Amino acid sequence: MENILDFTLEELKEWLISKEEKAFRAKQVFDWIYNKLIFDFNNMKNIPYKTKNLLSDNFYIGVPKVVKKLMSQDKNTYKFLFEYNDGNIIESVVMKYKHGNSICVSTQVGCRMGCKFCASTLDGVIRNLTSGEILSQIMAAQKEIGERISNVVLMGSGEPLDNFKNVTEFLDLVTSDTTLNIGQRHITLSTCGIVPKIKELADKNYNITLAISLHSPEDLLRKEMMPIANKYSIKELMEACDYYINKTNRRITFEYALVKGKNDSIKEAKKLSTVLKGKLCHVNLIPVNEIKENSYEKSTLKNIESFGNILKENGIETTIRREMGADINAACGQLRRSYVSK
(Lines of atoms letter the chains of each structure in order from A and count residues from 1; the text may use other names and numbers.)
(Lines give C-alpha, C1' and ligand atoms only; values in the text may rest on other atoms or scores of the structure.)
Protein backbone atom coordinates (compact mmCIF):
# COMPACT_ATOMS: atom_id res chain seq x y z
CA MET A 1 0.00 0.00 0.00
CA GLU A 2 1.10 3.55 -0.69
CA ASN A 3 0.86 6.69 1.40
CA ILE A 4 -1.63 8.95 -0.39
CA LEU A 5 0.16 11.98 1.11
CA ASP A 6 3.10 11.27 -1.20
CA PHE A 7 0.83 11.90 -4.20
CA THR A 8 0.13 15.18 -5.96
CA LEU A 9 -3.42 15.93 -7.04
CA GLU A 10 -2.53 15.22 -10.67
CA GLU A 11 -0.94 11.89 -9.76
CA LEU A 12 -4.05 10.84 -7.85
CA LYS A 13 -6.27 11.91 -10.75
CA GLU A 14 -4.23 9.78 -13.15
CA TRP A 15 -4.41 6.83 -10.78
CA LEU A 16 -8.21 7.12 -10.45
CA ILE A 17 -8.64 7.37 -14.22
CA SER A 18 -6.52 4.23 -14.63
CA LYS A 19 -9.02 2.48 -12.34
CA GLU A 20 -11.98 3.82 -14.38
CA GLU A 21 -12.95 6.26 -11.64
CA LYS A 22 -13.87 9.93 -12.08
CA ALA A 23 -10.88 12.30 -11.94
CA PHE A 24 -12.79 14.89 -9.88
CA ARG A 25 -12.87 12.45 -6.95
CA ALA A 26 -9.19 13.28 -6.37
CA LYS A 27 -10.05 16.88 -5.53
CA GLN A 28 -12.79 15.73 -3.16
CA VAL A 29 -10.38 13.37 -1.39
CA PHE A 30 -7.75 16.11 -1.09
CA ASP A 31 -10.37 18.46 0.36
CA TRP A 32 -11.22 15.93 3.07
CA ILE A 33 -7.58 15.29 3.91
CA TYR A 34 -6.03 18.76 3.71
CA ASN A 35 -8.90 21.12 4.51
CA LYS A 36 -11.11 19.05 6.81
CA LEU A 37 -8.23 17.00 8.28
CA ILE A 38 -10.15 13.73 7.91
CA PHE A 39 -7.71 10.85 7.86
CA ASP A 40 -10.08 7.91 7.23
CA PHE A 41 -11.51 7.23 3.76
CA ASN A 42 -14.68 5.80 5.35
CA ASN A 43 -15.49 9.21 6.86
CA MET A 44 -15.43 11.03 3.51
CA LYS A 45 -19.17 11.49 3.08
CA ASN A 46 -19.39 12.52 -0.58
CA ILE A 47 -17.17 9.69 -1.83
CA PRO A 48 -19.07 6.62 -3.16
CA TYR A 49 -18.76 3.38 -1.21
CA LYS A 50 -17.06 1.63 -4.15
CA THR A 51 -14.44 4.40 -4.45
CA LYS A 52 -13.80 4.38 -0.70
CA ASN A 53 -13.12 0.65 -0.85
CA LEU A 54 -10.80 1.09 -3.83
CA LEU A 55 -8.85 3.81 -2.00
CA SER A 56 -8.71 1.81 1.24
CA ASP A 57 -7.40 -1.25 -0.61
CA ASN A 58 -4.56 0.69 -2.24
CA PHE A 59 -3.70 3.63 0.02
CA TYR A 60 -3.31 4.65 3.61
CA ILE A 61 -3.39 8.22 4.92
CA GLY A 62 0.01 8.32 6.58
CA VAL A 63 -0.56 10.77 9.41
CA PRO A 64 1.50 9.74 12.45
CA LYS A 65 -0.02 9.12 15.84
CA VAL A 66 0.87 11.30 18.82
CA VAL A 67 2.78 9.25 21.40
CA LYS A 68 3.75 12.21 23.56
CA LYS A 69 2.75 15.87 23.72
CA LEU A 70 4.32 18.52 25.93
CA MET A 71 3.07 22.07 26.34
CA SER A 72 5.04 24.98 27.80
CA GLN A 73 3.66 26.80 30.81
CA ASP A 74 2.86 29.87 28.71
CA LYS A 75 1.02 27.60 26.23
CA ASN A 76 2.95 29.07 23.30
CA THR A 77 5.08 26.00 22.53
CA TYR A 78 4.09 22.39 21.92
CA LYS A 79 6.51 19.52 21.49
CA PHE A 80 5.23 16.35 19.83
CA LEU A 81 6.60 12.85 19.51
CA PHE A 82 5.02 11.33 16.40
CA GLU A 83 5.06 7.63 15.53
CA TYR A 84 4.80 6.40 11.94
CA ASN A 85 3.28 3.12 10.74
CA ASP A 86 6.64 1.32 10.88
CA GLY A 87 7.17 2.27 14.54
CA ASN A 88 9.77 4.96 13.89
CA ILE A 89 9.47 8.07 16.03
CA ILE A 90 10.32 11.69 15.26
CA GLU A 91 9.87 15.08 16.93
CA SER A 92 8.06 18.22 15.82
CA VAL A 93 7.69 21.51 17.66
CA VAL A 94 4.91 24.08 17.25
CA MET A 95 5.55 27.69 18.29
CA LYS A 96 2.73 30.21 18.55
CA TYR A 97 3.51 33.79 17.55
CA LYS A 98 1.36 36.88 17.04
CA HIS A 99 1.95 36.62 13.28
CA GLY A 100 0.85 32.96 13.16
CA ASN A 101 1.82 29.44 14.15
CA SER A 102 5.16 27.93 13.12
CA ILE A 103 6.21 24.30 13.09
CA CYS A 104 9.69 22.82 13.17
CA VAL A 105 9.58 19.52 11.27
CA SER A 106 11.95 16.58 11.00
CA THR A 107 13.17 15.32 7.62
CA GLN A 108 14.87 12.08 8.71
CA VAL A 109 14.58 9.58 11.54
CA GLY A 110 17.82 10.49 13.29
CA CYS A 111 20.74 12.11 11.46
CA ARG A 112 24.18 11.08 10.19
CA MET A 113 25.86 14.50 10.19
CA GLY A 114 27.42 14.12 13.64
CA CYS A 115 27.23 17.76 14.82
CA LYS A 116 28.56 17.79 18.37
CA PHE A 117 25.87 20.07 19.82
CA CYS A 118 22.88 18.07 18.50
CA ALA A 119 21.20 15.11 20.20
CA SER A 120 19.42 14.04 16.99
CA THR A 121 22.63 12.66 15.52
CA LEU A 122 23.85 10.59 18.47
CA ASP A 123 22.37 7.31 17.20
CA GLY A 124 22.93 8.00 13.50
CA VAL A 125 20.27 8.00 10.80
CA ILE A 126 17.66 5.25 10.59
CA ARG A 127 15.89 6.32 7.40
CA ASN A 128 14.71 9.24 5.31
CA LEU A 129 11.18 10.56 5.64
CA THR A 130 9.10 10.73 2.47
CA SER A 131 7.59 13.99 1.25
CA GLY A 132 4.21 12.91 2.62
CA GLU A 133 5.66 11.97 6.00
CA ILE A 134 7.20 15.42 6.37
CA LEU A 135 3.91 17.00 5.30
CA SER A 136 1.95 14.82 7.72
CA GLN A 137 3.69 16.36 10.74
CA ILE A 138 2.04 19.68 9.92
CA MET A 139 -1.37 18.07 9.52
CA ALA A 140 -1.13 16.04 12.73
CA ALA A 141 -0.04 19.15 14.65
CA GLN A 142 -2.84 21.28 13.15
CA LYS A 143 -5.39 18.70 14.23
CA GLU A 144 -3.91 18.58 17.75
CA ILE A 145 -3.83 22.33 18.36
CA GLY A 146 -7.00 23.11 16.40
CA GLU A 147 -5.37 25.98 14.52
CA ARG A 148 -3.79 26.55 11.13
CA ILE A 149 0.00 26.44 10.84
CA SER A 150 1.31 29.05 8.41
CA ASN A 151 5.10 28.86 8.81
CA VAL A 152 7.40 25.85 8.43
CA VAL A 153 11.00 25.41 9.54
CA LEU A 154 12.92 22.34 8.37
CA MET A 155 15.13 22.29 11.42
CA GLY A 156 14.10 19.18 13.36
CA SER A 157 15.85 15.81 13.28
CA GLY A 158 17.78 15.10 10.11
CA GLU A 159 19.71 17.04 7.48
CA PRO A 160 17.22 18.22 4.82
CA LEU A 161 19.79 18.31 2.01
CA ASP A 162 20.81 14.72 2.83
CA ASN A 163 17.23 13.81 1.84
CA PHE A 164 17.17 16.16 -1.14
CA LYS A 165 14.65 14.48 -3.45
CA ASN A 166 12.01 13.93 -0.76
CA VAL A 167 12.51 17.36 0.78
CA THR A 168 12.14 19.19 -2.54
CA GLU A 169 9.05 17.11 -3.31
CA PHE A 170 7.74 18.16 0.11
CA LEU A 171 8.37 21.82 -0.76
CA ASP A 172 6.39 21.39 -3.97
CA LEU A 173 3.56 19.65 -2.10
CA VAL A 174 3.23 21.92 0.93
CA THR A 175 3.15 25.09 -1.17
CA SER A 176 0.52 23.77 -3.58
CA ASP A 177 -2.95 25.30 -3.35
CA THR A 178 -4.29 21.74 -3.60
CA THR A 179 -2.79 20.82 -0.19
CA LEU A 180 -1.80 23.17 2.66
CA ASN A 181 -1.03 26.21 0.47
CA ILE A 182 1.79 27.53 2.66
CA GLY A 183 3.70 30.32 0.93
CA GLN A 184 7.33 29.68 -0.01
CA ARG A 185 8.41 32.82 1.85
CA HIS A 186 6.99 31.24 5.01
CA ILE A 187 9.38 28.28 4.81
CA THR A 188 12.94 28.04 6.15
CA LEU A 189 15.29 25.17 5.34
CA SER A 190 18.27 24.70 7.65
CA THR A 191 21.39 22.83 6.54
CA CYS A 192 24.79 22.04 8.04
CA GLY A 193 26.27 22.98 4.66
CA ILE A 194 26.32 20.28 1.98
CA VAL A 195 27.89 22.43 -0.73
CA PRO A 196 26.75 20.66 -3.95
CA LYS A 197 23.18 20.42 -2.66
CA ILE A 198 23.10 24.14 -1.76
CA LYS A 199 23.88 24.86 -5.41
CA GLU A 200 21.30 22.32 -6.57
CA LEU A 201 18.71 23.94 -4.31
CA ALA A 202 19.62 27.35 -5.74
CA ASP A 203 18.91 26.04 -9.24
CA LYS A 204 15.37 25.15 -8.12
CA ASN A 205 14.87 28.88 -7.46
CA TYR A 206 12.47 28.53 -4.52
CA ASN A 207 11.50 31.66 -2.60
CA ILE A 208 12.26 29.96 0.71
CA THR A 209 14.77 31.12 3.33
CA LEU A 210 17.99 29.13 3.47
CA ALA A 211 19.60 28.89 6.91
CA ILE A 212 23.20 27.72 7.20
CA SER A 213 24.49 26.21 10.46
CA LEU A 214 27.87 27.94 10.62
CA HIS A 215 28.88 28.08 14.30
CA SER A 216 32.49 29.09 13.62
CA PRO A 217 34.32 31.33 11.14
CA GLU A 218 37.41 29.10 11.36
CA ASP A 219 37.83 25.74 9.64
CA LEU A 220 39.70 24.08 12.51
CA LEU A 221 37.04 24.80 15.14
CA ARG A 222 34.18 24.13 12.73
CA LYS A 223 35.68 20.70 11.98
CA GLU A 224 35.68 19.97 15.71
CA MET A 225 32.03 20.97 16.07
CA MET A 226 30.68 19.78 12.71
CA PRO A 227 32.19 16.81 10.82
CA ILE A 228 30.75 18.14 7.53
CA ALA A 229 33.50 20.79 7.71
CA ASN A 230 36.06 18.05 7.02
CA LYS A 231 34.52 17.74 3.56
CA TYR A 232 33.76 21.38 2.74
CA SER A 233 35.86 24.34 3.87
CA ILE A 234 34.34 27.66 4.90
CA LYS A 235 35.67 29.12 1.64
CA GLU A 236 33.80 26.47 -0.37
CA LEU A 237 30.67 26.98 1.75
CA MET A 238 30.76 30.75 1.24
CA GLU A 239 31.17 30.27 -2.52
CA ALA A 240 28.05 28.07 -2.51
CA CYS A 241 26.21 30.73 -0.48
CA ASP A 242 27.21 33.40 -3.00
CA TYR A 243 25.91 31.17 -5.79
CA TYR A 244 22.62 30.74 -3.91
CA ILE A 245 22.22 34.48 -3.28
CA ASN A 246 23.03 35.40 -6.89
CA LYS A 247 20.67 32.75 -8.25
CA THR A 248 17.68 33.41 -5.96
CA ASN A 249 18.24 36.98 -4.78
CA ARG A 250 17.23 35.67 -1.35
CA ARG A 251 18.97 36.61 1.90
CA ILE A 252 20.67 33.74 3.74
CA THR A 253 20.43 33.28 7.49
CA PHE A 254 23.59 32.09 9.23
CA GLU A 255 22.94 30.26 12.49
CA TYR A 256 25.59 30.57 15.14
CA ALA A 257 25.22 28.60 18.40
CA LEU A 258 27.37 30.28 21.03
CA VAL A 259 29.34 27.91 23.26
CA LYS A 260 30.96 29.33 26.37
CA GLY A 261 34.73 29.62 25.98
CA LYS A 262 34.78 28.00 22.54
CA ASN A 263 33.35 30.20 19.79
CA ASP A 264 31.98 33.24 21.63
CA SER A 265 35.02 35.54 21.84
CA ILE A 266 35.42 39.01 20.35
CA LYS A 267 38.13 37.54 18.10
CA GLU A 268 35.61 35.08 16.63
CA ALA A 269 33.03 37.85 16.19
CA LYS A 270 35.53 39.95 14.23
CA LYS A 271 36.57 36.97 12.09
CA LEU A 272 32.91 36.16 11.38
CA SER A 273 32.34 39.78 10.37
CA THR A 274 35.16 39.45 7.83
CA VAL A 275 33.84 36.15 6.45
CA LEU A 276 30.31 37.52 5.97
CA LYS A 277 31.13 41.09 4.94
CA GLY A 278 29.19 42.25 1.88
CA LYS A 279 26.88 39.23 1.81
CA LEU A 280 23.09 39.49 1.62
CA CYS A 281 22.68 37.79 4.97
CA HIS A 282 21.41 37.82 8.52
CA VAL A 283 23.00 36.19 11.58
CA ASN A 284 20.89 34.40 14.17
CA LEU A 285 22.78 34.00 17.45
CA ILE A 286 21.61 31.00 19.46
CA PRO A 287 22.46 30.12 23.07
CA VAL A 288 23.63 26.51 22.56
CA ASN A 289 21.37 23.70 23.77
CA GLU A 290 23.14 21.85 26.55
CA ILE A 291 23.08 18.06 26.19
CA LYS A 292 24.61 15.57 28.61
CA GLU A 293 26.64 13.85 25.88
CA ASN A 294 28.96 16.84 25.50
CA SER A 295 30.45 19.49 27.75
CA TYR A 296 29.14 22.50 25.83
CA GLU A 297 27.78 25.28 28.04
CA LYS A 298 25.67 28.25 27.00
CA SER A 299 27.53 31.47 26.52
CA THR A 300 26.59 34.25 28.94
CA LEU A 301 24.02 36.81 27.82
CA LYS A 302 26.70 39.50 28.15
CA ASN A 303 28.99 37.60 25.76
CA ILE A 304 26.16 36.96 23.32
CA GLU A 305 25.24 40.65 23.27
CA SER A 306 28.88 41.72 22.87
CA PHE A 307 29.31 39.22 20.03
CA GLY A 308 26.18 40.55 18.32
CA ASN A 309 27.28 44.16 18.72
CA ILE A 310 30.56 43.47 16.88
CA LEU A 311 28.61 42.02 13.96
CA LYS A 312 26.20 44.97 13.91
CA GLU A 313 29.09 47.45 14.00
CA ASN A 314 30.37 45.75 10.85
CA GLY A 315 27.04 46.18 9.08
CA ILE A 316 25.76 42.62 9.54
CA GLU A 317 22.11 42.33 10.56
CA THR A 318 22.01 40.24 13.72
CA THR A 319 19.38 38.93 16.11
CA ILE A 320 19.48 36.78 19.24
CA ARG A 321 17.04 33.89 18.99
CA ARG A 322 14.19 34.16 21.43
CA GLU A 323 14.03 31.04 23.57
CA MET A 324 10.52 29.61 23.64
CA GLY A 325 9.20 26.83 25.82
CA ALA A 326 12.39 26.59 27.86
CA ASP A 327 10.54 24.44 30.40
CA ILE A 328 9.95 21.69 27.80
CA ASN A 329 12.64 22.50 25.28
CA ALA A 330 15.23 19.76 25.60
CA ALA A 331 17.73 19.98 22.76
CA CYS A 332 16.51 18.75 19.39
CA GLY A 333 16.42 14.96 19.48
CA GLN A 334 16.53 14.54 23.25
CA LEU A 335 12.83 13.87 23.78
CA ARG A 336 12.82 11.15 21.12
CA ARG A 337 16.06 9.69 22.46
CA SER A 338 14.78 9.51 26.04
CA TYR A 339 11.51 7.90 24.86
CA VAL A 340 13.13 5.33 22.53
CA SER A 341 15.74 4.29 25.12
CA LYS A 342 13.08 3.34 27.69
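In case you wondered, yes, glycine gets a Cβ from its N, Cα and C as well.
Swiss-Prot lists Glu91 with the feature active site, proton acceptor.
Residues or ranges marked as domain 'Radical SAM core' in Swiss-Prot (evidence: sequence analysis): 97-327. Restricting the average to the domain 'Radical SAM core' (97-327) gives a pLDDT of 95.
According to Swiss-Prot, the disulfide bond annotation covers Cys104-Cys332, on the basis of sequence analysis. For Cys104 (disulfide bond), the number of other Cβ atoms no farther than 10 Å from its own Cβ, over all displayed protein chains, is 22.
Within 10 Å of the C-beta of Cys118 ([4Fe-4S] cluster binding site) we count 25 further C-beta atoms, all protein chains included. For Cys111, Cys115, Cys118, the entry in Swiss-Prot reads [4Fe-4S] cluster binding site, with the evidence type sequence analysis.
According to DSSP, His215 (S-adenosyl-L-methionine binding site) is assigned to coil rather than to any helix or strand. Contacts of His215 (S-adenosyl-L-methionine binding site) defined by a Cβ separation under 8 A and a same-chain sequence distance of 6+ are given as Phe117, Arg222, Met225, Met226, Glu255, Tyr256, Ala257, Asn263, in order along the sequence. Among the features that Swiss-Prot reports, S-adenosyl-L-methionine binding site is placed at Gly158, Glu159, Ser190, Ser213, Leu214, His215, Asn289.
What Swiss-Prot lists as active site, S-methylcysteine intermediate is Cys332.
Secondary structure at Cys118 ([4Fe-4S] cluster binding site), as computed by DSSP, is coil. When the binding-site residues Cys111, Cys115, Leu214 are compared by the number of other C-beta atoms lying within 10 angstroms of their own C-beta, Cys115 comes out lowest. All protein chains included, Ser213 (S-adenosyl-L-methionine binding site) registers 24 other Cβ atoms within 10 Å of its own Cβ.
Sequence-distant contacts of Glu159 (S-adenosyl-L-methionine binding site), defined as residues of its own chain at least six apart whose C-beta falls under 8 angstroms from its C-beta, comprise Thr107, Gln108, Cys111, Arg112, Met113, Thr191, Cys192, Ile194. When secondary structure is read from DSSP and collapsed to three states, Asn289 (S-adenosyl-L-methionine binding site) falls in the coil class.
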